[in-house]
There are 2 protein chains.
Amino acid sequence: MQLLFLGTGAGMPSKQRNTTSTVLKLLEERGTFWMFDCGEATQHQILHTTLKPRKLEKLFITHLHGDHIYGLPGLLGSRSFLGGDEPLTIYGPTGLKNWIDVTLAVSKTHVKYPLTIIEIEEGTVFEDEQFIVEAKLLEHVMPCYGYSVKQKALAPELYIEKTDALGVPRGPLLRQLKEGNDVVLSNGTIVKSEEVTGEVREGFKVTILGDTKYCENSIQLSEKADIVVHEGTFDIETAELARLYGHSTIVDAAEVCQNAYAKNLVVNHISARFLSSDLSNMLTQVKHYPFPIYIAEDLAEYSFVNGLLTKCK
Amino acid sequence: MQLLFLGTGAGMPSKQRNTTSTVLKLLEERGTFWMFDCGEATQHQILHTTLKPRKLEKLFITHLHGDHIYGLPGLLGSRSFLGGDEPLTIYGPTGLKNWIDVTLAVSKTHVKYPLTIIEIEEGTVFEDEQFIVEAKLLEHVMPCYGYSVKQKALAPELYIEKTDALGVPRGPLLRQLKEGNDVVLSNGTIVKSEEVTGEVREGFKVTILGDTKYCENSIQLSEKADIVVHEGTFDIETAELARLYGHSTIVDAAEVCQNAYAKNLVVNHISARFLSSDLSNMLTQVKHYPFPIYIAEDLAEYSFVNGLLTKCK
Ligand SMILES: [Zn+2]
Ligand SMILES: [Zn+2]
């Protein structure tokens, strides 16, 4: 799993930061990637990555401000043009479906893949054998959702040298054992799953929040998350503006993580008022928090391996 | 007057060419600029120019394909955010107004300037003392307009040393003379306008066409134009695709200019299949035409001075 930040700015594009889009790369886990928000020119940012639009499986929209959705129609059209024919599901607030429908219709964009648009409410918005995605409303100037993505526990490793030694034939019995069931061999021997498997491995949890003030639902969504992506439009010195416009400071973001016992924080949605040279000052404001804190840049990629988050690009 | 090409690609953005947007800079003439089409990330392209969004006075949309309109909502919002409070008028085909209204409403974008959206028909779509803009339907897979912009004849130069010598007082009489009217001085002397003025200067004519096959209306709009901007999505070798998708080859574009007695041709809307190295081959296909032909690149600027078009950036 990797997190790839396509756009990390707020409100309007600048030369340094595009409007918001964050990609959760699940290529190893399910051969696809998921996207959270899609500001204008997200498809342009993709041109600078190895992402293939046809591998976009799910798109979660936090809220309907332009800097989070205006790149959607272009990406939907290009995904079709580039040969994407696998289904795509979009999740987001009420009003999203009508806008997409009107926009694709007026521009005579006929996508060639099954497109499903789900207007969500709080709760579980997606679940399969691998993942569960929960949404909660945050506190912004319009309805805005945060999403937590929890990978389910991974099947334990099966020690094939042990099953061989016990005479378990290669075939369906191995799967039974891997899934935690004991089996009886044709000679009557009982083989217990726990004899031949390793430990159940915990899945990861990533929480990707939208535009919001510091709020309780952010904490709940972020509970014990491995990674929290939280907006930090402002800093301590501009905290007044954050309150005024329904946004957070980088300190608010850190407080959420602290109170949620989260393990890593990546801050995005940075106001264009902050230049690269201001970022170290922002990080100084949160240096006393006991977990790693990063300020994301456009096209930066973070890799989560063996419980550790590292910036790989 | 200058022509600035913000996006010169077709269908989808590429690293080389953004989707379509062409700017007619009228800073000397009226302190503003006009835009023709607004593909996604047009506002991003503007970041690489000296254009100020608040100086955008008129926006003409040729047709409603996504690669010509998906940049509109973002630009409208940013123009407001950046302090633009002067009126903006958008001209385009039926369906444009509803889409803009729905899009601004869903994203809670409240622009602070008077925004007028005019769904046009063929004919004169704008006229004032300086300019007249005419639109005609072209031949594409959906309704698509071309626009001609004709600058009206410029008031002749008034020779102030001559009026002084004839005893014309500085004041309103000078304006009368400049506008072609003869005047009577208080001492009864008649001063003829033609005695004290230079020649009437012709204004320029620029024709900016949308996506189209070779068609008669392109020729009519381009008649004796100083500059024609015509799409050349394809070349001779891919002419079959041009026919199929309602587009033109660079040769079609040159034929239009030839038959319209136009003076300069700039070709835009180039398919991403053509690399920079293919452009000289495309130009070779039209080298026998007796007028200058350019293939526009993103951010290229052409200046029209004393009847001559030159590439200045
Ligand atoms: Zn935002
Ligand atoms: Zn086009």
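Every residue, even glycine, has its Cβ placed from backbone N, Cα and C.
Residues annotated as Zn(2+) 1 binding site in TrEMBL: A:H63, A:H65, A:H140, A:D211. The number of other Cβ atoms within 10 Å of the Cβ belonging to A:H63 (Zn(2+) 1 binding site), over all protein chains shown, comes to 25.
For A:D67, A:H68, A:D211, A:H269, the entry in TrEMBL reads Zn(2+) 2 binding site. Secondary structure at A:H68 (Zn(2+) 2 binding site), taken from DSSP and collapsed to helix, strand or coil, is helix. Listed in sequence order, A:T19, A:T20, A:D37, A:C38, A:G39, A:I61, A:T62, A:G210, A:D211 are the same-chain residues six or more apart from A:H68 (Zn(2+) 2 binding site) with CB atoms under 8 A from its CB.
The active site, proton acceptor annotation in TrEMBL covers A:D67. Counted within 10 Å of its Cβ, the other Cβ atoms near A:D67 (Zn(2+) 2 binding site) come to 26, all protein chains included.
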Proximity to chain B among binding-site residues A:H63, A:H140, A:D211, A:H269, where any Cβ pair is under 8 Å: none
Cβ-based neighbourhood (8 Å from the centroid) of the Zn(2+) 1 site, residues A:H63, A:H65, A:H140, A:D211 excluded: A:T62, A:L64, A:H68, A:V141, A:M142, A:C144, A:G210, A:T212, A:G246
Cβ-based isolation winner (fewest other Cβ atoms within 10 Å) among the binding-site residues A:H65, A:H140: A:H140
Listed in sequence order, residues with CB under 8 A of A:H269 (Zn(2+) 2 binding site) and six or more positions away: A:T8, A:G9, A:A10, A:T20, A:D211, A:E231, A:G232, A:T233, A:H247
Cβ under 6 Å from ligand 1: qualifying binding-site residues of A:H63, A:H65, A:D67, A:H140, A:D211: A:H65, A:D67, A:D211
A:D67 (Zn(2+) 2 binding site) to A:H140 (Zn(2+) 1 binding site) - Cα separation in whole Å: 14
